[in-house]
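As recorded in Swiss-Prot:
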type: REPEAT; residues: 103-137; note: repeat 'PPR 1'
type: REPEAT; residues: 138-172; note: repeat 'PPR 2'
type: REPEAT; residues: 173-207; note: repeat 'PPR 3'
type: REPEAT; residues: 208-242; note: repeat 'PPR 4'
type: REPEAT; residues: 243-277; note: repeat 'PPR 5'
type: REPEAT; residues: 278-312; note: repeat 'PPR 6'
type: REPEAT; residues: 313-347; note: repeat 'PPR 7'
type: REPEAT; residues: 348-382; note: repeat 'PPR 8'
type: REPEAT; residues: 383-417; note: repeat 'PPR 9'
type: REPEAT; residues: 453-487; note: repeat 'PPR 11'
type: REPEAT; residues: 488-522; note: repeat 'PPR 12'
type: REPEAT; residues: 523-557; note: repeat 'PPR 13'
Amino acid sequence: MASSNLLLEVQFLHIPSLSQKQANPLSCRKFSSLDWKQEIGLKKDVFFRCHGLLSSVCIDNVNDHAERSSEFHHYGVGTNLRARVKPMKQFGLSSDGPITENDEETNNEILHNLCSNGKLTDACKLVEVMARHNQVPHFPSCSNLVRGLARIDQLDKAMCILRVMVMSGGVPDTITYNMIIGNLCKKGHIRTALVLLEDMSLSGSPPDVITYNTVIRCMFDYGNAEQAIRFWKDQLQNGCPPFMITYTVLVELVCRYCGSARAIEVLEDMAVEGCYPDIVTYNSLVNYNCRRGNLEEVASVIQHILSHGLELNTVTYNTLLHSLCSHEYWDEVEEILNIMYQTSYCPTVITYNILINGLCKARLLSRAIDFFYQMLEQKCLPDIVTYNTVLGAMSKEGMVDDAIELLGLLKNTCCPPGLITYNSVIDGLAKKGLMKKALELYHQMLDAGIFPDDITRRSLIYGFCRANLVEEAGQVLKETSNRGNGIRGSTYRLVIQGLCKKKEIEMAIEVVEIMLTGGCKPDETIYTAIVKGVEEMGMGSEAVQLQKKLKQWKLLKEV
């Protein structure tokens, strides 16, 4: 549609099956949903006097002849109801037909069955017929119909049925309204959504947190930050409860789109309206700025928190520590920790994990281990994340003996080692060429019922190749293939080239076969390495013959 105003209009056209004599003379009039505010307060008898206006609502312009020509009793209507429905020929719901002879209860039972069977177009037609003949449609069925139409993106029909429901005295629930408002916001029809939001309160179904959050997010998505701020301020002035979740969402979005300074201004403005921020609201600002490294903005927010008599909590401290560790501001980290010890918010296991992880990433393993022991002194039990971080860092730094010792202690704690734990230590041992210890740990892992993954096997294979134990690497590849596990092509290449260098051509060819059966296509370098290995074994004629075969099979290019 050309604009959001056009969306607000519902065209009332002649129903295709009606003759000119049957059609209501007012049926071509347009009726805007902007007029809802005047209509919602009308009594039901006034609504019934308006039936001429609703006489020929064209709910569906889609070519759905099959659906329109269906009979009501085909949609699961009970035997008693069929008896009450007058006998009829094949007819469409776009015509009143004998339906006018049905009472309200009968038509509502038909409406319920149509909605239950997903016949939304027929249900829309029936609601229109009932409205034209002063029959009040079943409100729960209308709500379900509106939701169904909203799900299939038929907003014009959904809003039309919603209007009929409201003018009949029904009160749609908040979920129904929210579905329509959500779809309107997705399409960028903010004005229409705001009109519908205002109508919610007038109809006795006030907006909730989801309603407000949806509208505010939509405004920001379309670059209307100031409109969103004014909107929430107006809602507070009109008596809307100061929903803290909505307030937090608003402030975080203002911070994201307009900066911290504007967000703090909004905090001050909303406080005048009786909406006061809590530490959760402030934490959203701290978190946003920390993630972007805006430490000056963070300092400004912290100062604002303290100046208003609020205390930082554990979430605030942990967020600050995570940011400071990532920037390697270790003096500031120590300062924050000292403050935490002096308050009621002592460091938790999450706090220590942040510190240990940051120090390990900065390759300050000794300080990380100091914090690990400090953690134990404070009676703060490490979890598996703590152990995995320390063991991973030890293995990378070559402290494999210490890692094995810590791993042994871990078995007797409430945090038994897992796959990640074993992989870290096995990889460290393999990189140092300590394959005997790596294999021992590998078998311990299997005995504990922990199955290796591609990382485990790749660490072993690379370790064997570095230690010039290519045959053992080939055996691991065979075991992997027998279990149906995948291996990277680079791993196969490393083993094949290592076998060729050691003139283990038969085993190299066997690994190639494993590679092919595993669905991994070798490249030309692998075949070249095999030919070269055969030649170096003193079998020149065999190498030439093999090369010809490979070229014939188009596995090697002609030079």
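Cβ atoms here come from the backbone N, Cα and C positions, even for glycine.
Here the repeat 'PPR 6' (278-312) is broken down by DSSP into helix, strand and coil counts: 26 helix, 0 strand, 9 coil. Through the fold, the repeat 'PPR 9' (383-417) approaches residues 349, 352-353, 356-357, 360, 363, 365, 368-369, 372, 375, 424-425, 427-429, 431-432, 434, 437, 441, 448 of its own chain, all at least 6 residues removed from its boundaries and within a Cβ separation under 8 Å. Per-residue pLDDT, averaged over the repeat 'PPR 11' (453-487), rounds to 80. With a cut-off of 8 Å between Cβ atoms, the residues of this chain six or more beyond the repeat 'PPR 13' (523-557) that come close are 489, 492-493, 496-497, 499-501, 503, 505, 508-509, 512.
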